[in-house]
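Working notes, beginning with the structure itself.
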Amino acid sequence: MSKHKLIILRHGEGQWNKENRFCSWVDQKLNNDGLEEARNCGRQLKALNFEFDLVFTSILNRSIHTAWLILEELGQEWVPVESSWRLNERHYGALIGLNREKMALNHGEEQVRLWRRSYNVTPPPIEESHPYFHEIYSDRRYKVCDVPLDQLPRSESLKDVLERLL
């Protein structure tokens, strides 16, 4: 029986990560630090002689770009990359774009902790009036998913994310 390894990596840093904002499904690009993080990750994996047969990413540019940079550093640009919305990070709903520290001041640290860390508590859903609603839901990537656009999440608990992945 052949032996396989699953390597799970997070995308490099984007501007909203640096600003401690909920990024979620808004397609933020990598900043300069994030570009270097991805390249450095590739160099470290190369030093450990990692070889990949297949790479999976979310459909968010920051994840795809991170994967490409890592594969480039490894000299494995030929490895197939499969992208799926089901690998997107958690959908934080109405919290998208908001600063975590300011949220704690407005809603209390315990409530923000519950939204972020509890298994089955869902943040408030994103509404059509939210500044990033149309940026997300009018994006062509979500129109060609394996579920209808109106069935995509508007917010998710960690439990919801697991169900989406499995």
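Glycine residues also receive a Cβ, built from the backbone N, Cα and C atoms like all the rest.
Positions annotated as substrate binding site by TrEMBL: 10-17, R62, 89-92, 116-117. Taking Cβ-Cβ distances under 8 Å and a sequence separation of 6 or more, the neighbours of W16 (substrate binding site) in its chain are F22, C23, V26, Q28, G97. In the three-state DSSP scheme, W16 (substrate binding site) is classed as helix.
Per TrEMBL, the feature active site, tele-phosphohistidine intermediate maps to H11. A C-beta separation below 8 Å, combined with a sequence spacing of at least six in one chain, links H11 (active site, tele-phosphohistidine intermediate) to L30, G34, A38, L60, R62, S63, H65, T66.
Other Cβ atoms within 10 Å of the Cβ of E89 (active site, proton donor/acceptor), summed over all protein chains shown, number 17. Feature annotation from TrEMBL assigns active site, proton donor/acceptor to E89.
When Cβ atoms from all protein chains are considered, those within 10 Å of G14 (substrate binding site) total 22, not counting its own. Take the CB of G12 (substrate binding site) and look out to 10 A: across all protein chains shown you find 25 other CB atoms. Every protein chain considered, the tally of other Cβ atoms within 10 Å of the Cβ of R62 (substrate binding site) stands at 25.
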